[in-house]
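Copied over from Swiss-Prot, here are the features:
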| type | residues | note |
| --- | --- | --- |
| BINDING | 9-16, 56-60, 118-121 | GTP 1 binding site |
| BINDING | 199-206, 246-250, 311-314 | GTP 2 binding site |
| DOMAIN | 367-451 | domain 'KH-like' |
| REGION | 448-487 | region 'Disordered' |
| COMPBIAS | 467-487 | compositional bias 'Basic residues' |
Amino acid sequence: MVPVIALVGRPNVGKSTMFNRLTKTRDAIVGDLSGLTRDRQYGDASWQGRSFILIDTGGITGDEVGMDEKMAEQSLMAIEEADYVLFLVDARAGMTAADQMIAEHLRKRNKAAILVANKIDNIDPDVARAEFSPMGMGNAIPVAGSQGRGINALMEAVLGHLPRDAEEEALEQDVAEGEEAVRIPGPSEKDGIKIAIIGRPNVGKSTLVNRMLGEERVVVYDEPGTTRDSIYIPFERDGEKYTFIDTAGVRKRGKIHEEVEKFSVVKTLQAIKDANVVIFVMDAREGVVDHDLNLLGFALEAGRAIVIALNKWDGMEPGERAYVKTELERRLFFVDFADIHFISALHGTGVGNLYKSVQAAFQSAVTRWPTSRLTQILEDAVSEHQPPMVNGRRIKLRYAHLGGANPPLIVIHGNQTDSIPKSYSRYLENTYRRVLKLVGTPIRIEYKGGENPYEGKKNTLTDRQVNKKRRLMSHHKKAEKKRRDKR
């Protein structure tokens with residue numbers, strides 16, 4: 001599973017700045033689910049090929065009342081969710097009682113944590129370490145989050161304590177063996193296609209899982225996938241292997257009630273990252289709400305293939321159904337590539353059709369195409385609709401190749417690629433999607449400029465070549481002097 005790292009500390013010690021730098025965003029709110037994650041922000045981050053989920057929390061002072069008290073509780077909950085904690089302190093302000101209170105809480109919870117002395121601009125790092133040594137958190141790692149100083153050392157120390165997932169280890173092995181660093185994922189012998197069932201509480205996720213497993217379900221084992229109780233359920237259907245990742249847990253038949261489910265953002269985000277295909281469940285009677293858009297946005301950021309299931313469709317009036325379909329077109333335009341199914345998980349209506357869309361989305365996400373095929377599609381697209389002119393010169397796109405999968409990454413080489421407008425990129429994306437008949441998966445397009453491979457390189461001359469060059473230059477100067485004298 002993708003590790004979870006939480007940023008905790010007093011107010012104004014630089015947690016949000018650190019969050020923005022590690023997630024490489026300005027607002028850094030990737031999974032800000034209002035009402036469910038009050039004062040906790042979730043970001044999808046990576047460092048030197050290692051992926052992780054980052055949680056930004058509100059400040060803790062120890063004397064909160066009212067709303068501040070609730071926000072502090074959310075920060076302490078983030079500590080419980082995390083695999084590792086970055087405890088930030090302000091090197092300029094020095095150690096405070098609030099810092100000591102947080103350190104004591106981390107010790108009581110026996111939480112893996114590292115002390116980070118932020119804002120060391122113009123401060124001796126050794127002095128900063130000595131200042132916070134009485135807290136008993138080990139040597140503080142000095143950083144300047146706003147400038148990026150010390151971040152490399154910090155992340156190396158943190159990620160060295162966290163386990164790698166199988167895909168990262170396989171990719172590292174490929175690189176070590178000199179293989180091309182492009183891994184095309186596929187279903188494993190054991191797991192098959194991994195499907196994450198996600199959605200807001202009470203939309204019928206667990207009911208759908210049990211319905212899809214069927215009366216005579218084939219379950220090899222049910223075991224917790226993480227300490228946060230995500231359940232991995234391998235099973236077979238029509239000879240195909242699958243694994244459900246159920247964040248709410250599967251309840252036995254007869255015990256499923258549409259009670260309020262405990263909603264864990266971390267479990268949902270981890271399930272998305274670990275899945276091949278996401279089935280996104282929505283409540284047809286409530287329509288599209290902002291929480292749905294936030295969750296879909298994270299699945300899209302993660303590049304996962306998506307199938308949308310609109311549950312509780314039975315019993316709705318024709319006018320209500322027409323309104324919901326109009327809202328889907330209006331608000332879910334950014335995932336218009338995903339199949340939408342109108343189902344009743346309780347009665348089983350339309351549920352069987354989900355498997356066909358899961359298979360199609362997965363195949364679209366992981367299929368490999370040769371460079372010749374992708375280049376031919378590019379040439380046809382350019383012939384039909386030329387790129388715009390830039391400073392009187394036409395943008396030239398030369399060839400394309402596959403750079404990765406799940407989602408498909410198409411790398412296009414050419415000149416002036418930095419000037420390609422977003423509208424033309426969308427045109428190319430739609431062209432590839434139409435010609436390759438892709439469904440259910442996002443496509444990413446990356447451009448490479450026509451760089452001169454010899455730029456900045458200079459041959460080292462031998463002594464003999466240096467002497468020859470010197471003689472030629474001397475001869476040239478003498479000849480030039482004679483021509484001037486004749487004039």
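Residue 1 is the first one shown; counting continues down the chain.
For all residues, glycine too, the Cβ spot is worked out from N, Cα and C.
Structure coloured by features recorded in Swiss-Prot.
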residue: Gly9; record: GTP 1 binding site; DSSP class: strand
residue: Lys15; record: GTP 1 binding site; DSSP class: helix
residue: Thr57; record: GTP 1 binding site; DSSP class: strand
residue: Ile120; record: GTP 1 binding site; DSSP class: coil
residue: Gly199; record: GTP 2 binding site; DSSP class: coil
residue: Lys205; record: GTP 2 binding site; DSSP class: helix
residue: Trp313; record: GTP 2 binding site; DSSP class: coil
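For Thr57 (GTP 1 binding site), other Cβ atoms within 10 Å of its Cβ number 25. The binding-site residues under consideration are Asn12, Asn202. Their Cβ neighbour counts within 10 Å are lowest for Asn12.
Break the domain 'KH-like' (367-451) down by DSSP state and the numbers are 31 helix, 26 strand, 28 coil. Residues belonging to the domain 'KH-like' (367-451) score a mean pLDDT of 90 in the model. Put simply, Lys15 (GTP 1 binding site) is 34 Å from Lys205 (GTP 2 binding site) when counted between their Cα atoms.
With respect to Asn202 (GTP 2 binding site), the closest of these binding-site residues in Cα terms is Thr57, chosen from Gly9, Lys15, Thr57, Ile120.
Using Cα positions, the member of the binding-site residues Gly9, Asn12, Lys15, Thr57, Ile120 nearest to Gly199 (GTP 2 binding site) is identified as Thr57.
For the pair Asn12 (GTP 1 binding site) and Trp313 (GTP 2 binding site), the Cα-Cα distance reads 48 Å. For Trp313 (GTP 2 binding site), the nearest of the binding-site residues Thr57, Ile60, Ile120 in terms of C-alpha separation is Thr57.
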